[in-house]
Amino acid sequence: MTGLDMEIIFAKIKEEYARTDDVGKRQIQGHIRELQVGFYSDWDVVMRLSSGPLQVALTKVGIDLGIFRSLKESDTPITLAEIVKKTGASPRLLGRILRTQAAFGLIKETGPQEYTSSAFTDVFANSDAAGAVVQLFDISGPCTQILPDFLAERNYQDITSNKDCVFQKAFGSDLTMFEWMPQHPKHMESLGHLMALERPVSWVDHYPVLEELGGFPAPDKVLMVDIGGGFGQQSKALRAKFPDLPGRLIVQDIPQTLANAQPAAGIEFMEHNFFEPQPIQNAKFYYLRHVFHDWPDEQCVLILKQIIPAMGPESQILIDEMVIPSTGVPWQAAFTDLLMMNSLGGVERTRAEWDDLMEQVGLEIIQSKVYDSKEQAILVAVPKRT
């Protein structure tokens, strides 16, 4: 087979990938992973797998030194000498780092000691993607490293407490991660970037907002309370999708998070701890994205109990979370589930687990729609009819 034949095959795969749906994309990704393993020797498989932590570490080094941003912003390749001048790093050390980054595809080598951006470079030049890497490396990394020992010490029993999970052992602290984070502003900021990292699919494109509103909207009423909403990215998406929709949008989060939020037209920010009574009464939507997966069931029950008394007869709780299928769980969903377990004693839930959680507080799920290939879904909960 010639090089031209290979290019034709690759082009065909790219063409098929571009036109298929999310399920098809996931299947292609899976086939490519299987194909890679089939081409590797046992040594290759071990080395490839074991290189993962180093790749993440080199990504963080690239972020810390501003390498990715410099390469992305340059119209021409940049030499090692130029990067040394910008960073002040040792030429020999930086040369070894750059060539390894290039070997992993994090940057692209164009000649001897000369580099330009790759597709990965462009991703990590994005401030939200860079912040997400920092958060995952600094917080999730140490937890992942000691997970095997932690599980063995506990005789492989379930983790159900955010005060007794891998995080406490990894960081030598009696605090939960969310108690520890406000004492470390750098990590609060990187967590905000992780939350703000754009997903290619949004709930606003899949939930029938207008149909559900009916005659509810009015300029003086609260359309949505975005609880634990971070920088307000989901409220901003709703406002962008429906710019003329009347009603107030209120983003609630703790002060340390809101300190890094940027003002936005038509969006209000309010300091609020969701373990305290919900102060906004009779909103149409009480929206929570990626809140419940951070917490064991006991705390999730407390969060819901703060919202229910504030609900009016037309109110709905919108839960934007994964719904784990019984088989064929996407790697992104399975990965996130264990990250939540390690750091927070949290969990990505199945539909049965969601139903059980709602049952504990007298709610029922009246709608459920999975809207992307990672099993992200909108669950609509209301007080159970008697």
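Here, residue 1 is simply the first one shown, and the rest follow in order.
Just so it is clear, glycine is given a Cβ too, placed from its N, Cα and C backbone atoms.
Site annotation (Swiss-Prot, ligand S-adenosyl-L-methionine) includes Gly228, Gly229, Asn273, Phe274, Arg289; from Asp205, Asp244, Asp253, the additional listed residue is Asp253. When Swiss-Prot is compared with the stretches 177-197, 303-323, 324-344, the one noted as region 'Substrate binding' is 177-197.
The Cα of Gly141 (substrate binding site) lies closest to that of Arg289, out of the binding-site residues Asp253, Phe274, Arg289. Each residue in the region 'Substrate binding' (177-197) has a pLDDT score, and their mean in this model is 86. Across the structure, Ile139 (substrate binding site) and Asn273 (S-adenosyl-L-methionine binding site) place their CA atoms 22 angstrom apart.
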